[in-house]
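Taking it in order: structure first as structure tokens, then the write-up.
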Amino acid sequence: MLKSIAVMTSGGDSPGMNACARAVVRTALYEGVEVWGINNGYHGLLDEDMFKMERKDVGDIIQRGGTFLGTARCKRWEKPEGRMQGYKNLVDRGIQGLVVIGGDGSLRGASLLSKETGIPIVGLPGTIDNDVWGSDYTIGCDTAANTIIDAINKLRDTASAHRRCIVLEVMGHRCGWLAMTAGIAGGAEYILVPEEEYDLDAICADMAKAYKAGKRYILVVVAEGAGSGQEIGKYIAEHTNIDTRVSVLGHIQRGGSPTVIDRVKASQLGEQAALAIISGLSDIVFGFNKGHVVSINLHDAVNNKKTLDPEYAHLARVLF
Ligand SMILES: Nc1ncnc2c1ncn2[C@@H]1O[C@H](COP(=O)(O)OP(=O)(O)OP(=O)(O)O)[C@@H](O)[C@H]1O
Ligand SMILES: O=P(O)(O)OC[C@H]1O[C@](O)(CO)[C@@H](O)[C@@H]1O
Ligand SMILES: [Mg+2]
């Protein structure tokens, strides 16, 4: 049994990270284990920016987006000397295990720390991108997808009023999950994702034909990993007679109060992570598979690339 653990968030913030950290902290305290919060991701580990947490430190945060612990992208962590310093700073405080909430990159950093030092580590997938191998869900992806469909609904109004084509670029890094699921839910005509090849000339020809037949508007959702929304919009405007506009949703899709799904799943994952690390388990990531919590080997999670469920692409084609 570990007596002292720490929790941190890292990489891009995501709605539900707070609910998750809250669950880690409260589960640990419930089990009588000391818990530290590390500020600003791996920066906090290196700069000794950490504090012992009490129950009240995680009050009034379950409903908030962002992460009250702060987060960062930390170059120094990519070097072995940095990770060794972080390890030393944990040991100096008697911290015996670490829970890392973050995306694929953060988990890669955690995997290296574990291999190099042997300190027990449990990872939790926290990113809007839903790109962590072994889990069909990451904390924040549901809220982000809901924010995107809100944008799609609004863009549809103006596209229809003006008989325009609107191209919406969304995030996801190299993964098309956000674009695909929000595109399906928002009824987009075309969804461009990095996992699927697309032929822009064929799409333009298709659009022109549909307009001739009386179509009022077209919505194209582009995952950032599949190309630039601006360039795709320009190409469509130049190769069809359709009045085209482009929106890049940007960081709006990363903020906001988490959905019920993100709050509950983040809480379940946080509880499991705390129980696992306290009991001495290490090198695992908790995620979801078909609605159930599953544990994945940490190193497998970072050494494999997640693929997009081909059923989504099929559904998008059928519903077009
Ligand atoms: N290969 C690596 N080696 C060591 N540390 C890494 C590595 N990759 C990422 N990290 C650490 O994790 C941090 C966050 O990684 P990254 O910027 O890829 O975000 P992420 O965790 O994937 O989250 P998101 O994609 O949602 O923003 C990096 O700034 C770095 O400190
Ligand atoms: O906020 P930053 O550092 O510009 O990063 C943007 C990236 O982070 C993400 O929002 C994930 O957190 C990606 O979808 C996007 O590519
Ligand atoms: Mg990532």
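Backbone N, Cα and C define each Cβ position, glycine as well.
Just so you know, TrEMBL annotations never went through curation; they're auto-generated.
Computed from a predicted structure; not experimentally measured.
Residues Arg73, Cys74, Gly103, Asp104, Gly105, Ser106 are recorded by TrEMBL as ATP binders, and the candidate that the same record lists for that site, out of Gly12, Gly16, Gly32, is Gly12. Binding of ADP is attributed by TrEMBL to Arg22, Ala23, Val24, Val25, Arg26, Gly187, Ala188, Glu189, Lys215, Arg216, Tyr217, and the same site annotation extends, among Arg64, Arg156, Arg254, to Arg156. When the alpha carbons of Glu189 (ADP binding site) and Thr127 (substrate binding site) are compared, the span between them is 27 angstrom. Listed binding-site residues: Arg26, Arg73. The one with the lowest count of other Cβ atoms within 10 Å of its Cβ is Arg73. Here the binding-site residues are Gly105, Gly187; the one with the fewest Cβ atoms within 10 Å of its Cβ is Gly187.
There are 23 other CB atoms within 10 A of the CB of Gly12 (ATP binding site), with all protein chains counted.
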